[in-house]
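Chemist: These came from Swiss-Prot, pasted as-is:
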type: BINDING; residues: GLY8, ARG11, ARG91, ARG137, ARG140; note: ATP binding site
type: BINDING; residues: GLY8, ARG11, ARG91, ARG137, ARG140; note: CTP binding site
type: BINDING; residues: GLU21, ASP23; note: Mg(2+) binding site
type: DOMAIN; residues: 226-329; note: domain 'HD'
Amino acid sequence: MEKYLVGGAVRDALLKLPVQEKDWVVVGSSPQEMLNIGYEQVGKDFPVFLHPESHEEYALARTERKSGQGYTGFICHTAPSITIEEDLYRRDLTINAMAYDSHGNLIDPYHGQRDIKLRLLRHVSHTFHEDPLRVLRVARFAARFAHMNFAIAPETLILMKQMIHELLSLSPERIWTETKKALITDNPQVYFTVLRHCGALKILFPELDALFDIPTPTQYCTKINTGYYTMTTLSKAAYLTDDISVRFSVLCRDLGKGIPLNKINKNTKHHDHRKLGITLIHNLCNRFKIPHEIRNFSKITSEYHDYLYNVKILKPEMLMTLFHVFDCWRRPNRIDQIILVSQSDPIRWKNYNNYSLNQENLLRTAFTVTKKISTVDIIKDGFTGSNISRELYARRLHALNSWKNKQI
């Protein structure tokens, strides 16, 4: 029996990155032998075991053969005779197809170390095209390692373009899992850009893909492509925060500008894009079973984000509406989230630093004014039942009016 450290742990060690988790491959063993020495079997499709002390995963070396469509259409074969080189051959990218043996020697039959030096994401073998999930994985790795100047090998990108017809065989959960992982990288915009380059964006996220045909007239700049503008905005959001709700809402904020393409003039100012976007976000989130917390914040942001840039001129009633729809009184962190959404817009805020800071301060101050109104005081004053909420609204509105009058 030989044990090898494999995959991401080896790659990250060579890149001098923190190793998050360790995966192992066992050569020369059998399921029964693993059980006999105290390992716990957890894999259903192929033999994977948990170490009795470290609880790290140990998989028996295996080969895979394509048997049907999708990423699950494989027949796995395990046997004591399967070598580490055969096991590594089934992996997606050369940088993920390396191992360390028990003596610390690097096993690198497919030149992963070379591609790390070249900063290339290159497929291991022709069998790459058999698993459509690899299109998403490569796009995610491109996003994850963009700050290290990794690029996709041209021959790998060609294969990805040939694989997109099988993408719809992937489960919605699997697509969202890869997308979520990409969204929390330092450069999530790279993930969607890669998907567009290989044709996958049009299949999986047609709402996003449509934006690349639409210009965005703004008062701050000349007409620019809405798709690229969205990618720039997502990049700015990723720089500002790790909050996936903020990042996703920024990604989806302008979806309404992309439809209906056959009815909207490409030179339109998209007056109705906010409401159009709500339906698109709802459908997209349902399609991929995206968590309610993320989808709800994104839908609200789509409808109300334009108001966030003009806090100074908003009437108290509109400020109250904003605080209500974003549920700020019960969830004060929402104020930080919506400010981050507004700060992510690179065009609106460019060269307007003092103005933008003032808008942010005004929004925070306005919310603080309303938050000081206590329900306890209202109850002490004798209000009961539904009259409590009505009086709470009235007092908050009055406080905002008084505050606004002092700003003039």
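Note that Cβ sites are derived from N, Cα and C of the backbone, with glycine treated the same way.
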Chemist: So of ARG137, ARG140, which of the binding-site residues has the fewest other Cβ atoms within 10 Å around its own Cβ?
Modeler: ARG137
Chemist: Given the recorded CTP site (GLY8, ARG11, ARG91, ARG137, ARG140), which additional residues of the same chain have their Cβ within 8 Å of the Cβ centre, ordered by sequence?
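Modeler: In sequence order, the nearby non-listed residues are GLY7, ASP92, LEU93, ILE95, ASN96, PHE141.
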Chemist: With DSSP helix as H/G/I and strand as E/B, how many residues of the domain 'HD' (226-329) fall in helix, strand and coil?
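Modeler: Its residues divide into 75 helix, 0 strand, 29 coil.
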Chemist: Specify the nearest of the binding-site residues GLY8, ARG11, ARG91, ARG137, ARG140 to GLU21 (Mg(2+) binding site), where nearness means the distance between Cα atoms.
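Modeler: So, spelling it out, the nearest of the binding-site residues is GLY8.
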Chemist: I'm trying to understand the geometry here, so how far is the Cα atom of ARG140 (ATP binding site) from the Cα atom of ASP23 (Mg(2+) binding site), in Å to the nearest whole number?
Modeler: 20
Chemist: Please compare the binding-site residues GLU21, ASP23 by how many other CB atoms fall within 10 Å of each one's CB, and tell me which has the fewest.
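Modeler: Least crowded of the binding-site residues GLU21, ASP23, by Cβ count within 10 Å, is GLU21.
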Chemist: Using DSSP and collapsing to three states, where does ASP23 (Mg(2+) binding site) fall: helix, strand or coil?
Modeler: strand
Chemist: Provide the number of Cβ atoms within 10 Å of the Cβ of ARG11 (ATP binding site), excluding the reference atom itself.
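Modeler: So the number of other Cβ atoms within 10 Å of ARG11 (ATP binding site) is 22.
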Chemist: Roughly how many Å lie between the Cα atoms of ARG11 (ATP binding site) and ASP23 (Mg(2+) binding site), rounded to a whole value?
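Modeler: About 12 Å separates the two Cα atoms.
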Chemist: Please work out the number of neighbouring Cβ atoms within 10 Å of the Cβ of GLY8 (ATP binding site), leaving out its own Cβ.
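Modeler: By my count, 17.
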Chemist: Over the residue list GLY8, ARG11, ARG91, ARG137, ARG140, recorded for CTP, what is the maximum interresidue Cα distance in Å?
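Modeler: Site span for CTP, by Cα atoms: 16 Å.
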